[in-house]
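Data first, discussion second: the structure below is written as structure tokens.
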């Protein structure tokens, strides 16, 4: 830019009617022409292939392309050839460490899903092996997780009782897992990962916190020794059941459960304060299981009010493809359960993987992760496993234990395999109370108060969304609370689309810079000009609102003119730099606005329309009234300089 305003254009100019303004005016360039097919191709590429996965194949030989293709599908082929003994040592340590956590958690989470405890161990054996071959994360530790277990158990229990018809319940759990995996893998294959972005951070924080409280309250059955417990998940029915069955409370169970719960919480606190002592909390659950089991066995505590797991089957995962139900009146239930648990577990798994990848400065491919987790669950559903994903607690232990590759998952799976083959009789006397204490300790970490406070400081509407998810889960149900929060988030997004922000710009004195008058208090109006910035795409959803809002800005200008004796409004300048796209309604909005302003004796001036906007306006402007050179400028400063000059020359 050359030159600047001569004189103070922010104040009344009646005493200086002829103000000269020197500024070089730049032409607004027309974007290069592209065919509709090229536009469609570019739009599809940016929607489905923003990471450009085919970039690595450019300029490669046919043999190299095949090798890169196999490595893309099976990431183990990338790092496998360079695997060495030093990496194995680190992975063995981390694998054994997470196995000590995975075994008690697997048993506990299966009970949370109203499934036989052995299914939790099955789900900690096959899925990690599949993920080790297909997954791209070095730190993700795979297995059952609390939230997905709770969701599956509560949703299936609405139609089928896990106690009265356990076989059908198990069949529905495997079928739901199949549909969850199919949905997850489809998102990856079709590159539709942006769908899971509809679960905002605020929604997830509120949902996780509410679910953590519900999960913890459900454990009161085991920690208090209650035998007749409600099947509902809400806060009110659970607490009502607790206090209506006080006669069933067992002081032996309460004392023992309280001791183990305190022990587990203390070890968790130690590991949080001193991350190098991660092994303290990692080994605490297995130690609790061993000690409590020995205690029950030695003192015959099962005869004194302490309920135990009972005998568990030995052996590896039996096939379950013959148990999948793709017909009958429960098909709608399993599809819905698979869809919801699939989205939640996928969101958690990818978030955990990306979190630890950022700490180690490597990238996790979201689409490959979706495929890996999806295939893992499809295979799992045919091998007696229920929904699994990357667990945060296990992955944190895996990361802190020094895992180098996905081999740590293989080591964990082998350890679980040994347990399934030889150690199952040892769990016969494991008390249910210690499993409840393990679950409570694991889900406490899902209540993220600092993150909630940060949301409150940044965005009050997001905080309301978070509270809706939280209270919806607690007082209504897990899935309905989640649906409520997602609905409110979508409503917020629609509100932002239909009511885009429009601000009045003023001139920073002594410069050719124009900024929001509300934000910059020293920015001043230019007499005869109403300068507005539209800060959103213009579409059918907001074109009518924008038209009404601009006319209201003009009315405000006229009222201000009457009080401050400003000159009449001559120009409305629209800064379109932030308008990334328009549709047919958007084009009609500009045409209609120009006609309305003409009748009022006001000119419409457009500033810096981006390529797509410029192109569509050109195609619609058959009479060349809208995009005349005197009505189209590169910057607001140039537009004001040029039109202000012509206005003054005309008045001289």
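Numbering starts at 1 and runs along the chain as displayed.
Including glycine, each Cβ sits where the backbone N, Cα and C put it.
If you look up TrEMBL, you'll see 167-190 (among others) marked as transmembrane segment.
Through the fold, the transmembrane segment (202-229) approaches residues 112, 146-147, 150-151, 235, 238-239, 241-242, 245, 248-250, 252-254, 257-258, 261, 305-307, 347, 351, 432-433, 435-437, 439-440, 443-444, 446-448, 451-452, 455, 459, 462-463, 465-474, 478, 481-482, 485-486, 489 of its own chain, all at least 6 residues removed from its boundaries and within a Cβ separation under 8 Å. The transmembrane segment feature in TrEMBL is assigned to 202-229 (among others).
Annotation comment: TrEMBL describes 249-266 (among others) as transmembrane segment.
Beyond the transmembrane segment (278-299), the same-chain residues lying 6 or more positions past its ends with a Cβ under 8 Å from any Cβ of the stretch are 97-98, 100-101, 103-105, 256, 260, 263-264, 267-268, 270-271, 306, 308, 396-397, 400-401, 426-427, 429-431, 433-434, 437-438, 441. The transmembrane segment annotation in TrEMBL covers 278-299 (among others).
What TrEMBL records for 370-393 (among others) is transmembrane segment.
Marked as transmembrane segment by TrEMBL: 405-427 (among others).
Annotation comment: TrEMBL describes 433-456 (among others) as transmembrane segment.
Sequence-distant contacts of the transmembrane segment (463-491), counting only residues of its own chain at least 6 positions beyond either end whose CB sits under 8 Å from a CB of the stretch, comprise 150-151, 154-155, 198-200, 202-207, 209-211, 213-214, 233-236, 340, 344, 452, 455-456. Sequence annotations record features per position, and here TrEMBL assigns transmembrane segment to 463-491 (among others).
As annotated by TrEMBL, domain 'STAS' applies to 519-643. As a whole-number mean, the pLDDT of the domain 'STAS' (519-643) in this prediction is 86.
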Near the transmembrane segment (167-190), which same-chain residues lie under 8 Å Cβ to Cβ, leaving out any that are not at least 6 residues past its ends?
48, 113-116, 119, 152, 155-157, 160-161, 196, 320, 323-326, 330, 333-335, 337-339, 341-343, 345-346, 367-382, 384-387
Apart from its near flanks, which chain residues at least 6 from the ends of the transmembrane segment (370-393) lie with a Cβ under 8 angstroms of it?
101, 105, 110, 113, 115, 119, 122-127, 130-131, 134-137, 140-145, 148-149, 152, 173-178, 180-189, 193, 317-321, 324, 341-342, 345-346, 348-350, 352-353, 442, 445
Counting only residues 6+ away from its ends, which parts of the chain sit with a Cβ under 8 Å from the transmembrane segment (249-266)?
222-226, 281, 284-285, 288, 292, 295, 301, 304-307, 431, 433-434, 436-438, 440-441, 444
Can you name the far-off residues of the same chain, 6+ from the ends of the transmembrane segment (405-427), with a Cβ under 8 Å from a Cβ of it?
75-76, 79, 83, 87-88, 91-92, 94-96, 98-99, 102-103, 106-107, 117-118, 121-122, 124-126, 128-129, 131-132, 135, 137-138, 140-142, 289, 293, 309, 311-317, 398
